[in-house]
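Heads up: the structure comes next, in structure tokens.
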Amino acid sequence: MTSRGGRPKMGRSVASLKRDPRFGLDSRWSWITAGFLSWVLFIGTSSVRVAGVLFYGIVETYGVTRQEASWPVTLNGCLLNLGGPVMGMLCRRFSCRAVILACSFMTGIAVSVCYFAEGVLFLNIFFGIIHGLTLSGIFVTANVLVSQHFERRRITACSMIFTFCGLNTFFVPPLVEWFRTAFGIRGAFLLLGAITLNTFPGAIVLRSPSWVTAAPTPAPPHRAASSKRTPGERRTSLRRPSAAQISRSAVIDDWTGSVNSFGALDFGPASQNNEERPEKTLKETARQFLTVSFLVDAVSFTIVVFGMGTFILLSVDLGKDRGILPSDAVYLLHAFSAGDITFRALCGFVIDSGLLSLEAVMVLGYLMQAFAFEFLVWAGTFPMMLLGSVLIGVSNGSRISLQAPSLIKDFGVESLPVMMGGMVFCIGAGSLLRPALIGHYRDHHGSYSGLLHIVAVINAVMVGVWTVKLIFSRRKASKAKADFVSEEENKRPLSVSPDSGKAEDNCDV
């Protein structure tokens, strides 16, 4: 039963709302939401994909060093991530819908006003800071919304929206390069901003699911006291796991009922004992930032995004250093996107189908990117650079959509907005190192080779880290399976021994 607006009517239990075939978890509306999230990310992240074109245009137009020219595009990427905690808090304080509407409306305007820039400082403020912060709001809310709407197919949905998001690399860089050639860098900013404004129509449709935004409805006292329960209450009680089942679960995927509460576990209106389910406060959630799991996740995806951003930023200038025209060098991004998009799509299917674990995919991705960046150092011709670009794209696409699934696996979906905000803050902080490295290696040493060597080495180090995590994950899974089998075997004699009750009665007599 739905309301006039097409949303499920309130007053139903959380369990029944989640099972609704049209608006529940993994439902038709979930996939519609994923489609509009793809739209918003496809257009919103266009400016990130053309960082190399804008970087080269700023150097050419304003006559600044490469270190100075890299700051606007670097700040854009950094604030996209550094703004994560703020946007996570705003999602918690207001709603994901309010945040994504405001950010999608402002993000294109911030790019368009760069038409009036007379120097790099103006670009740093509007393109770097304001546009970066609004992109952060779009990115954080997109990750939270897709995780709220999906459970069984969560990784597939994340892969889908990031796959469609990556398609913009095929269209936007050549288009913006043409804008730059025809109208100059100022005209390119103006027209890119006009394109980015189209994120707002797609954001109008997006909102959190009804079991997140609706306040829980307590059961009437007389009904709670009655021995006869309603069918909704009976269904809820059947879904309530035992304490042993909770302790065996490595991942708690049930949303608590409100993005404003971050409660521990919610088993529907039949659960009345609040002492057994204390609500997580923001302070308790923030303590998870000090765990080893969060440190590994944050450093891991900082390296993933740093490698992606470094390649996108340097692709045009790196090609020019090796005798390739800027109009041809943009096709390195096409090669990158071919590998990136293909493996974004495959990644979710491979993990959800059980062919490979999340940890195994991360190990393979780091191994390939370490090789790809080292290969790019020695690639001196355009075809060889295209091959290196494809390999970097494959390694990036296999890991970039696993940010939310990794955090959910370690901390649960109820903590995702704050944990995602903390992780993307770390990603942004790591990106701040890029301008200094570019200035040191290109402006002072005349080559990007040293920077490419650094990216290759840190990826090789992460191969070892995720190999250890893969081993521990498999041991934990084996132990959980053994404990489950042992518990089931211990229960079996009690359920199949019909004479046990008679024997007990005889003892009582």
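Positions of Cβ are set from backbone N, Cα and C atoms, glycine also.
Listed by sequence, the residues of this chain that lie at least six past the ends of the transmembrane segment (29-59) yet keep a Cβ under 8 A from its Cβ atoms are 22-23, 65-66, 69-70, 72-73, 76-77, 80, 100, 104, 107, 111, 120, 123, 127, 131, 135, 138-139, 142, 145-146, 149-150, 157, 160-165, 167-169, 172-173, 176-177, 180, 184-185, 188-189, 192, 195-196, 198-199, 202-203, 205-206, 209, 309, 312-317, 320, 326, 329-330, 333. Residues annotated as transmembrane segment in TrEMBL: 29-59 (among others).
Residues annotated as transmembrane segment in TrEMBL: 71-91 (among others). Same-chain residues lying 6+ beyond the ends of the transmembrane segment (71-91) with a Cβ under 8 Å from its Cβ atoms: 47-48, 51, 54-55, 58, 98-99, 103, 120, 123-124, 127-129, 131-133, 135-137, 139-141, 144, 259, 305, 309, 313, 417-418, 420-429, 431-432, 434-435.
Under the heading transmembrane segment, TrEMBL lists 98-117 (among others). For the transmembrane segment (98-117), the residues of the chain that approach it from at least six positions outside its boundaries are 40, 44, 47, 87, 90-91, 123, 126-127, 130-131, 133-138, 140-142, 145, 186-187, 189-190, 192-200, 202-204, 206, judged by C-beta separation under 8 angstroms.
Counting only same-chain residues 6+ beyond the ends of the transmembrane segment (123-145), those with a CB under 8 A from a CB of the stretch are 33, 37, 40-41, 44-45, 47-48, 58, 71-84, 86-88, 90-91, 96, 99-100, 102-104, 106-107, 110-111, 113-114, 117, 158, 161, 189, 199, 203, 206-208, 259, 403-404, 416-417, 420-421, 424. If you look up TrEMBL, you'll see 123-145 (among others) marked as transmembrane segment.
The annotation transmembrane segment is assigned in TrEMBL to 157-176 (among others).
According to TrEMBL, the feature transmembrane segment maps to 188-206 (among others). Here the transmembrane segment (188-206) has long-range neighbours at 32-33, 36-37, 39-40, 43-44, 46-47, 50, 53-54, 57, 96-97, 100-101, 104-105, 107-115, 117, 127, 138, 141, 145, 172, 176, 179-180, meaning same-chain residues at least 6 beyond its ends whose C-beta is under 8 angstroms from one of its own.
What TrEMBL lists as region 'Disordered' is 215-245 (among others).
Through the fold, the transmembrane segment (289-316) approaches residues 48-49, 51-53, 55-56, 70, 73-74, 77, 81, 326, 329-330, 332-333, 336, 362, 365-366, 369, 373, 389, 392, 395-396, 399-400, 403, 406-407, 410-411, 419, 422-423, 426-427, 429-431, 433-434, 438, 448, 451, 455, 458-459, 462, 465-466, 469 of its own chain, all at least 6 residues removed from its boundaries and within a Cβ separation under 8 Å. Feature annotation from TrEMBL assigns transmembrane segment to 289-316 (among others).
The transmembrane segment annotation in TrEMBL covers 375-395 (among others).
Residues annotated as transmembrane segment in TrEMBL: 416-438 (among others).
Taken from TrEMBL, the feature transmembrane segment covers 450-472 (among others).
Residues annotated as compositional bias 'Basic and acidic residues' in TrEMBL: 480-492.
What TrEMBL records for 480-509 (among others) is region 'Disordered'.
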Taking contact to mean 3 or more CB pairs closer than 8 A (sequence separation of 6 or more), are the transmembrane segment (450-472) and the transmembrane segment (375-395) in contact?
yes
List, by number or range, the same-chain residues at least 6 past the transmembrane segment (416-438) whose CB is under 8 A from its CB atoms?
66-67, 70-71, 74, 77-89, 91-92, 96, 136, 139-140, 143-144, 147, 259, 262, 282, 285-286, 288-289, 294, 297-299, 301-303, 305-306, 309-310, 313-314, 403-404, 407-408, 448, 451, 454
So, by DSSP, how many helix, strand and coil residues make up the compositional bias 'Basic and acidic residues' (480-492)?
13 helix, 0 strand, 0 coil
